[in-house]
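Undergrad: Pulled from TrEMBL, these are the listed features:
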- 2-375: domain 'Amino acid transporter transmembrane' (DOMAIN)
- 20-43: transmembrane segment (TRANSMEM)
- 73-95: transmembrane segment (TRANSMEM)
- 115-132: transmembrane segment (TRANSMEM)
- 144-166: transmembrane segment (TRANSMEM)
- 178-198: transmembrane segment (TRANSMEM)
- 210-233: transmembrane segment (TRANSMEM)
- 253-281: transmembrane segment (TRANSMEM)
- 293-312: transmembrane segment (TRANSMEM)
- 318-339: transmembrane segment (TRANSMEM)
- 359-379: transmembrane segment (TRANSMEM)
Amino acid sequence: LQGIFVLGLPYALLHSGYSGLLLIVLAAILCCYTGKILIACLYEENEDGQLIRVRDTYEDIAKACCEKLSPSLGGIVVNVTQVVELIMTCILYLVVSGNLLSHSFPYVPVTEKTWSVIAFVTLLPCVFIRTLKIVSKLSQLCSLVHFVIIFVVITYCLTQIHQWSWAKFRLSLEFEDFLVSVGVIIFSYTSQIFLPTLEGNMKNPGEFRCMLNLTHFFACILKTTFALTAFLTWGEKTKEVITDNLPSFLETLVNLCLLTKALLSYPLPFFAATEIVYSCISKGNHSNYRSPLLALAVRGSFLLLTLLMAMFTPHFALLMGLSGSVTGAAMTFLLPSLFHLKLKWKKLSFLEKCADISVFILGFLCSLAGIVCSIKGLLEAFG
């Protein structure tokens with residue numbers, strides 16, 4: 001999903017001006033921080049002062065926090081939130097795939113929904129994915145395609161360097177447009193939903209913090225460079241998806257790369273969602289399926305669900321924005337900071353407590369603003 005949001009960063013700069021550059025850096029710092037405190041909630045100190053991993057999933061953290069109130073309630077809230085966000089992400093990939101195929105082959109007499117079905121057929125093998133290793137290999141290919149897209153756009157922009165002008169940046173901002181920019185920039189970094197599984201599958205979990213620092217640092221550099229060069233090239237003519245600004249021959253090439261990226265990105269959220277649901281049904285090991293037939297049924301059902309919703313959900317982009325404002329902000333800012341305060345309160349310094357509270361307040365405000373804007377858009381769309 002990050003690749004799709006990255007293509008909207010130049011458009012975000014159009015509406016946020018110089019503050020957008022600061023937001024890209026700030027979002028990287030905040031998302032890196034919440035990722036670290038979320039993983040910290042998986043560990044507790046033993047009698048010797050050593051950190052021991054006593055929890056495995058986001059759900060386990062929620063249960064620990066709600067232990068006195070209702071352990072099952074915390075797990076249900078987190079699981080529902082995770083599954084909704086992951087399924088909406090999968091649906092978005094199908095919608096985007098249909099849109100890209102439609103634009104790449106405009107002379108083929110096929111509707112966009114039919115193209116989505118064709119893309120869906122290529123994803124049928126996902127029902128046989130049983131381990132994270134296969135998903136990680138697909139994600140590596142996805143990252144490679146992502147870099148090709150970024151390279152093509154930046155290279156073209158550099159050929160237009162003679163027309164760059166810092167005067168293109170806006171000083172005055174409209175509040176609603178600025179909120180849209182905040183949403184695009186913040187959610188281009190979100191990955192907290194995958195971090196517990198990722199950290200648990202690392203050969204050396206002790207390197208997790210270093211890995212998180214490096215990935216967010218380089219992501220920040222890459223996104224700032226990409227957004228800045230693209231915006232300086234097209235200025236006020238910058239479109240919502242920057243590839244639409246490219247010459248036709250490059251646009252087709254990049255659209256096909258984006259299609260490849262969307263299809264390669266689908267297995268990760270799909271795998272994560274089915275793992276959560278299956279673990280809730282079987283009450284067994286979160287990583288290994290006990291009943292192959294039940295696992296196949298769960299994965300098949302989810303695969304079909306994503307297609308049906310992609311085909312028949314009206315105003316999907318607005319609904320995606322609404323669910324993203326609720327689930328995305330909750331999983332990225334609200335819950336990590338809240339859980340960290342709950343589980344580590346006695347061991348946190350004053351500054352750490354202030355940091356967690358500040359992140360929670362910021363996440364709440366971003367979520368509230370996003371919900372208001374999304375509902376307003378839905379009301380206008382439905383008349």
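Here the Cβ of each residue, glycine as well, is placed from N, Cα and C on the backbone.
What TrEMBL says about a protein is an automatic prediction, not a curated fact.
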Undergrad: When each of 20-43, 144-166, 253-281, 293-312 is checked against the transmembrane segment (115-132) for Cβ pairs under 8 Å, which one has the most?
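TA: The listed stretch sharing the most Cβ pairs with the transmembrane segment (115-132) is 293-312.
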Undergrad: Examine the transmembrane segment (178-198) against the transmembrane segment (253-281) and state whether at least 3 Cβ pairs sit under 8 A, considering only residue pairs 6 or more apart.
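TA: Contact criterion met.
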Undergrad: Does the transmembrane segment (20-43) reach the transmembrane segment (210-233), going by 3 or more CB pairs under 8 Å (6 or more apart in sequence)?
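TA: With 3 or more qualifying Cβ pairs, these stretches touch.
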Undergrad: Taking the transmembrane segment (73-95) as reference, which of 144-166, 210-233, 253-281, 293-312 has the most Cβ pairs under 8 angstroms?
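TA: Counting Cβ pairs under 8 Å, the winner is 253-281.
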Undergrad: Can you name the far-off residues of the same chain, 6+ from the ends of the transmembrane segment (210-233), with a Cβ under 8 Å from a Cβ of it?
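TA: Long-range Cβ neighbours of the transmembrane segment (210-233): 2, 6, 9-10, 12-14, 20-21, 24-25, 28-29, 31-32, 35-36, 150, 153-154, 156-158, 160, 163-166, 168-169, 188-189, 202, 242, 245.
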Undergrad: So what's near the transmembrane segment (253-281) in sequence-distant terms, Cβ-Cβ under 8 Å and 6+ beyond its ends?
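TA: For the transmembrane segment (253-281), the nonlocal Cβ contacts are 1, 3-4, 7, 59, 79, 82-83, 86-87, 89-90, 93-94, 96-97, 100-101, 103-104, 119, 122-123, 126, 129, 132, 134-135, 138-139, 141-142, 145-146, 148-149, 152-153, 193-194, 197, 243, 246, 287, 289, 294-295, 298-299, 302-303, 306.
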